[in-house]
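Residues annotated as active site, proton acceptor in TrEMBL: Glu451. Per TrEMBL, the feature FAD binding site maps to Thr159, Gly198. Annotation comment: TrEMBL describes 155-266 as domain 'Acyl-CoA oxidase/dehydrogenase middle'. As annotated by TrEMBL, domain 'Acyl-CoA oxidase C-alpha1' applies to 302-466. What TrEMBL records for 511-687 is domain 'Acyl-CoA oxidase C-terminal'.
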Amino acid sequence: MAPTLKGGDAALLPEFPRGPLDSYRARASFSWKELALFTEGEDMLRFKKTIFSALENDPLFARSPGAHLSLEKYRELSFLRCKRIFEYDFLSAGDMFESPLKVSTLIQCLGMYDWSLAAKYVLHTLIFGSAVFSSGSERHFTYIQKIFSMEIFGCFALTELSHGSNTKAIRTTAHYNPATEEFIIHSPDFEAAKFWVGNMGKTATHAVVFAQLHMPGGQCHGLHPFIIQIRDLKTLLPMPGVMVGDIGKKLGQNGLDNGFAVFHKVRVPRHNLLNRMGDVTPEGTYVSPFKDARQRFGASLGSLSWGRVVIMAMAVTNLKLAVSIAARFSATRRQFGPTEDEEIPVLEYQTQQWRLLPYLAAAYALDHFSTSLFLDMVELQRGLAAGDRSARQAELGREIHALASAGKPLASWTAQQGIQECREACGGHGYLAMNRLGVLRDDNDPNCTYEGDNNVLLQQTSNYLLGLLALRVRDGARIRSPLKSVDFLDSYPSILDQRFEVSSVADCLDSAVALAAYKWLVCYLLRETHEKLNQEKRSGSGDFEARNNCQVFHGRPLALAFMELMVLQSFHEHVHRPCVPPSLRAVLGRLSALYALWSLNRHTALLYRGGYFSDEQAGRVLESAILTLCSQLKDDAVALVDVIAPPDFVLDSPIGRADGELYKNLWGAILQDSQVLERASWWPEFSVNKPVIGSVKSKL
């Protein structure tokens, strides 16, 4: 049964203003309102509307065309806006576990408005807050209420000037003194300065600081998190022994104050150690529920998995915004045509469809997967909070770590490439800063780096898969996981015997075809990587060197192919569920098939090399199916972006406005720029409601 609004409240999803996009909306094969309700549900749609309405009606969030804020002013404004978000009380501390989708939705809504604001909020609540909650104990829970009342403002201080990805080599120290029951936090030199820490530059009062824990007897127990006050709550001046500052202007997200901190023998009470993973008694005895130091270390960095899962959603949101702007532009921008007297929308060109529509499909597929993984992460955190030490809980943590470690690279790179394609697909107008594609590109760029460099993270996923295969080969162990992401690998010998047998385009238009191909591809790459690793070791390479020599053409593509399979499988199962309304099955099925075949097409060389494709026909069928699906989805493109695009105030792009009045909106935005108005004040009649060309001729 198709979802409907309670009480017929159509105000929740009002009709779009009439305009040049009407013709595409009329040709859509489905109702955009029905898809919006099916995808998000009425409660979440109302929550989003509440957030967007609050932002639009609050002068603090007013857009200022032509205003170029200084770095200091932008960061001050971001903090004031973050404070206002807490005043609106969109979320409570309880919502973090009771209504997790509201958390994800709020982050995405804030990001659609401004990623500096969203990042500031996320770092304080989800990263700093979850680190205190998941790594601390009851003695630390008093901080939680202070986080949500903004009595304190937090940051997560792990990386240092000289170390990022190699967290085990972090050099900040914490020496315990049993005489005073204090830890002495110290940075041995400037290279050990905490660096790139979001919120630390100007506004954070407290930090979760990771330091090497040293006992009085000299034993080091590795990295542990401490909650440390770094600024005075009233004056925001540094606390004694703390040197803290801002690292300066970045390529994007400059409303977020990334900073550094150096600690000089800063004394903190023993209870400031976040002690869920390891604790120190008053007398100086180290105790931990984990016998394995590696397990303890992995558990203590659980907040990084949170960060990576959130970054997936952030990247997908950027892709949604970019493709919404580009699709609406392409449906209204007319260039050339079959005759000199007729110009057609550029969306009618096959090349434009091929450039944009796969990214539209990717936005839908990645959005569904990132939401699912977010909920899986919530399940993991609930288990940790309940003290679950079961084997399943540990395996769930490893599985989510592997999925997040490849999910962030796939989502952030797809968004990076998609935003650039959208920018170019909008021609010169896409290069105008006011149309926001450049800002989206710059704000998305750090998603490829923070919480783990993408290429480094992929090794976590390939190592996870190689470990599972090694156990199967050595012990005959079944390959199983709590989320069933790797269960198909248990049949990998028989999967490798399969071949591509589709001979017509029509048979290729179901994502099940690509799903089977992807399972073969992952099994093939896993076997090849396993054999390459063993070959390296047989030739005398140590484990470090052997793994290093297996990344570029083995481990890296293995991890990416596995992640693409996970996204595809999740979306394929979603769109083929019995609860999908009949009126939506065709369009969702096409999105799933297009994302699948478009992604698979990047691996054609491997499919031929491994023998899954055996003749030229296979590659031709794949390419023809992609173009067929693009053609089939072309008339649905505007309605599909209507589902995912925020209101015009939030989207903030003249060429992407919902009314489709491309040139009126663009010209009006240009005239609103104070610098342009100053230069053009002697042409007062140049308004969007007057014939521009005639006015120009009369003046000239």
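Every residue gets a Cβ built from N, Cα and C, even glycine.
Counting Cβ atoms from all protein chains shown, Thr159 (FAD binding site) has 20 others lying within 10 Å of its own Cβ. For the pair Thr159 (FAD binding site) and the residue listed as 'active site, proton acceptor', the C-alpha distance works out to 9 angstrom. Every protein chain shown contributes to the tally, and the Cβ of Glu451 (active site, proton acceptor) ends up with 24 other Cβ atoms within 10 Å. Applying an 8 A CB threshold to same-chain residues 6+ apart, the list for Gly198 (FAD binding site) reads Ala119, Lys120, Leu123, Cys155, Phe156, Leu256, Asp257, Asn258.
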